[in-house]
Amino acid sequence: MDTAIIIEKGIFIVVIFAITMLFAMYETLAERKIAAWFQDRIGPDRAGKGGILQPLADGLKLFSKEEFFPNTPNRFLFIAGPAISMSTALITSAVIPWGDTLHIFGRDVVLQATDIDIAMLYIFGVLSVGVYGIMIGGWASNNKFSLMGAMRASSQMISYEVAMGLAIIALVMMTGSLSLRDIAAGQHGMSWNVFYQPVGFLIFLVCSFAETNRTPFDLAECEAELIGGYHTEYSSMKMGFYLFAEYASMFISSTILAVLYFGAYNFPGMDWVTENWGANATTWIGVLVLFGKICFFIFFYMWVRWTIPRFRYDQLMKLGWKMLIPLAIANIVITALAILWSDGKLF
Amino acid sequence: MILTLFYILSAITLATAFLTIFSKNPIHSAIYLVLCFFSIAGHYLMFNAQFLAIVHVIVYSGAIMILMLFTIMLMNLNKEDEKNKTLLSRIAAAGAFGLVALVLIATFIKSHAVIARYDVSGKDYQSIKVLGQVLLNDYMVPFEFASILLLVSMIGAVLLSKKEHING
Amino acid sequence: MSIESLSLSGRKKEVSNKKMTFMESLYLVAIAKGLWITLGHLFTRKVTIKYPEQTRSLSPVYRGQHMLMRDDEGRERCTACGLCALSCPAEAITMKAEERKPDEKHLYREEKYASIYEINMLRCIFCGLCEEACPKQAIYLTKSRVMVKSASNREDFIYGKEKLVMPLEMAINNTKPQMAK
C-alpha cells in the first residue's frame, strides 16, 4: 500500500481525534455558560479570562478524585463500560466527510478518514453498539438505580433507532447512496436535504436527541428518580469518561445532522468562490462552514435542554412508537411517490 | 497477514463461543456471545462482505443481544435459581445433540457443491448497489416472501402483547 | 359570583383533560414557543452579583454579626445581666460577669461588666432575640454591617469580646457630632 496514504490518513485521523476531544472539552464549558445565559446568570468566569480554562480545571478535578469501586460482581466490566462508551463515541467520525478534496503538496487529499459505501449503516452499527457501554456499566455497578438507568437507556435507544433508520431510508431513497460523501456532494450549493426532507429531518433530530441521551430524553440519568442513573456508582475519570463520551457523541451527532440534512460543507455561492479564489479556498471555507453548522447544532442541543422539561417514560415510548414511526413510514411512502412522479413514472 | 488475522479471529470466535457455554453467570455468557458475534462480523469483513458484516453487527449485536441482555438483567438470575437437572435428562440432551451433529456432518459429507466452478465476472458483488439489484431483480420473489414473513411475525408479536379487553 | 369563576390573581386558567390532536401531541408548536421564550432570555440583562468583588446593599432590617455597643463616652454598655443568654433559643451565648474596679469607670458604664462574652456563631440562628431582651441596649445585630465570615476551624466560630465589642474608632466617630455641639 502507498506509504504516503497511510501517513496522510494517520495525520488526518489524529487531527480529527484532537478536534473531537477539544470540542467535547469546550462543550462542557459551553453547556454551563449557555445554561447560565438562559437563566439570566453569567456562568463560570473565574478560571482564566471569561472561564476559558474551566474545562482544564474540571478535568484536573476529575483526575485527582478518588478512584472508587463499588462492591461489583465484575471489576473488568465496570471499567469496560465507560471505555466502550468513549470508543463508540469516537469511531463514528471515521466515515464523516469533513470537507471536499484539498490539493496540497501535489496530492489530492480527501478530507475524510474512509469512504465506505455503507457509511450510513456503519453509523447505525456503531450507535447500536454504543448501548453496551451504558448497559454493561450500569449492570456492573451492582446498584438498582444504575441498572434501571441502563435499562431505560437501552430500551429508549433501541426504540428510537427504528424511527431514525426509517427517517434515513427516505433520505437514501432520494440520494440513491448510503455513502456520506455522495450524500454531502449531492447537496451542492443551497440544495440542502432539509428543504426536500423537512419531516425526515424533524424525525431524525428528535431521534438523535434520544440516541445521545440528552434532555428531553435523558431518562437514563434522571436525577429525580434515579440519582445519577447508570453512572451513579462511578467516580473520578471513569465518570469523566462517561460525561466526555456524552459530549463527544453530541458533537458527532451534530456533525451527522449537518452532513445529512444541512448540506455538509456546501454553502451558497461556492461556485463563485471556486471560480475566483480556487478550489482550495472553497474546501477551506467549506470546512469552516461545516464546523459553523456543527456549532449551531450543539447550541441547539443545549438550547433545547434548557427549554423543554424531561418526558415521562410512557410519553417517551408513545412518542417513539406511536408518533415517529408512523410519521417516518408515511414520509417514506410520500417520498417514494414524489420520486416516481418526478421521474414521470406515476400516472 | 490475512492468515494471521484469520487465526486470531478464529481463536477469539472459538474461545468466546466456548466461554458462552461454560460461564456460570448468564450476563457473562451473553457478553461473550456478543464478542463472538463481533468476531464473526470480522470474518465477514475478511470475505470483503461489508454489508453482511455491518448488518450482522446491527441486527445481532445491536438488537437481538441487547434485548437478550435486557431480559437477563431484568430476570436477575442467580445461581440458586438454577434448577438441578437429573442425570438422565443430561445424558438425553447430550445424546440428542450428538445425533443431530452426526446427521448434519453426514449430510455435509455427502452433499455436492451446487456451483462446480465460480466464474470471475469482474463484478463487485459486495457493493451494496449490485447487492440491491441482485436481490430485487433476480431474487425478487423470495425477498418479498421473506419480508412478508417478517411482517406476519411482527403482527403476531403485536397481537400477543396487546391487552385483551374483556368488554370488546 | 360563584366560586368556580372567581379568580383572585386574574390569571386563572381552567385545566382540561381534553385529548390532544395528532399535531398537538407532536408538541411542535409548543416547543417552538418555548424555544422562543428561552432565546429571549439569552439576551436579557444578567442578574448575577459577583460576590467577593460586589456585594448587595443590606436592608435596614438585616441581621448580621452581633456588636456589643459602647455609649457616647466610649464605655461598654453591657452589664452582664445574662438576659441575652437566657433568651437565646440556640444557647449560643455565654458570659462571665465581674465587678468594676474604681479605676475602670471610663471603660464600663455599669458597676458590673462582662469580662468574658462569647457567642458561638455555629449555634447562633440570628433570630435577634438577644437584641430584644437586652435592657441596656448593649447588643445589636444591625450595627456591624458585616456577615459572619466562613472559617475552616470550629474553634474559630466562637467569637469573643475582641471581635464583638464595637471598635474604638467607631465609638470615637459616634461621639464626634456631640463634640461639635
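Note that Cβ sites are derived from N, Cα and C of the backbone, with glycine treated the same way.
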Correct range for transmembrane segment (source TrEMBL, candidates C:21-43, C:113-135): C:21-43
Cα-Cα distance linking C:Cys130 ([4Fe-4S] cluster 2 binding site) and C:Cys78 ([4Fe-4S] cluster 1 binding site), given in Å to the nearest integer: 12
Cα separation, C:Cys134 ([4Fe-4S] cluster 1 binding site) to C:Cys88 ([4Fe-4S] cluster 2 binding site) (Å, whole number): 11
Residue pair C:Cys124 ([4Fe-4S] cluster 2 binding site), C:Cys84 ([4Fe-4S] cluster 1 binding site) - Cα distance, angstrom, rounded: 12
Most Cβ neighbours inside 10 Å, all chains, among the binding-site residues C:Cys127, C:Cys134: C:Cys134
Greatest C-beta neighbour count within 10 angstroms, which of the binding-site residues C:Cys81, C:Cys124: C:Cys124
Among C:Cys78, C:Cys84, C:Cys88, C:Cys130, the one of these binding-site residues whose Cβ has the fewest neighbouring Cβ atoms within 10 Å: C:Cys88
DSSP-derived class (H/G/I helix, E/B strand, else coil) of C:Cys84 ([4Fe-4S] cluster 1 binding site): helix
